[in-house]
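Undergrad: Just dropping this structure here.
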């Protein structure tokens with residue numbers, strides 16, 4: 001066998017081995033670049049076990065992480081977006097909706113459920129950032145209001161996980177109207193003395209940060225989450241100055257008093273259960289095992 005044949009044979013073996021590995025088995029951490037086993041990362045709640053980077057998480061995964069198994073009942077699932085304005089930019093709005101629905105399996109960018117958290121009845125909502133950047137539109141506002149109404153009916157707390165780029169431009173004024181609509185609904189929660197906990201994840205921007213995301217009785221953020229109205233690049237171009245390191249990150253915001261707590265995802269469920277038991281004057285709930293209880297600790301770091 002000639003030297004060229006030996007090289008070609010090695011190349012064929014390598015290609016055969018690569019072809020045998022299905023796509024999506026491995027992924028790379030956006031922060032440290034570590035190659036991670038996808039199944040292990042999912043067990044770790046999308047938190048890198050090497051550097052503790054909190055990756056983006058789907059809305060349903062967040063709600064399943066929070067609520068007791070078997071207690072989840074979805075709210076407003078029948079609501080679907082409509083292209084009332086027949087809006088078109090580089091692509092028709094209805095085509096963007098169809099593509100987002102196909103990619104995510106969701107009808108719109110917010111999922112709401114009622115259930116229990118360690119035995120306590122609660123209502124929870126979560127934004128799906130993969131659906132058009134988690135943008136707030138008519139269905140998002142309607143589902144959030146449905147969640148508030150359910151909390152009022154059940155006389156229980158509401159928890160919302162925000163992850164959004166802001167109002168959806170394709171719905172124009174109707175999307176901006178959701179800021180007032182959701183804020184007015186939350187005012188009813190306040191009148192009734194029912195707790196509303198807002199959890200800000202990466203990113204929480206625009207109209208969502210200017211309305212429901214910052215109206216919590218307690219505002220909690222995940223580590224290094226980008227939180228603000230306009231993005232850092234837009235601000236730099238406007239003021240023509242370099243922004244300080246970590247500007248608009250959760251650590252910067254808690255230093256300035258804009259949020260109340262930073263909580264790591266592995267202990268988020270237990271932290272929320274503890275806070276809600278105090279706010280509702282209920283006994284400390286017994287710990288119910290969940291996915292969060294089996295999460296690996298990052299190297300050289302403890303729960304904070």
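Here the Cβ of each residue, glycine as well, is placed from N, Cα and C on the backbone.
According to Swiss-Prot:
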- 25-294: domain 'CoA carboxyltransferase N-terminal' (DOMAIN)
- 29-51: zinc finger (ZN_FING)
- 29, 32, 48, 51: Zn(2+) binding site (BINDING)
Undergrad: Within a 10 Å radius of its Cβ, which of these binding-site residues (29, 48, 51) has the fewest neighbouring Cβ atoms?
TA: 51
Undergrad: What are the non-local neighbours of residue 32 (Zn(2+) binding site), defined as same-chain residues 6+ apart in sequence with CB under 8 A from its CB?
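TA: Listed in sequence order: 48, 50, 51, 53.
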Undergrad: Using DSSP, what's the helix, strand and coil tally for the zinc finger (29-51)?
TA: 6 helix, 4 strand, 13 coil
Undergrad: For the recorded Zn(2+) site, enumerate neighbouring residues of the same chain (Cβ within 8 Å of the Cβ centroid of 29, 32, 48, 51, site residues themselves excluded), in sequence order.
TA: 30, 31, 33, 34, 36, 49, 50, 52, 53
Undergrad: Within the zinc finger (29-51) only, compute the mean pLDDT.
TA: 93
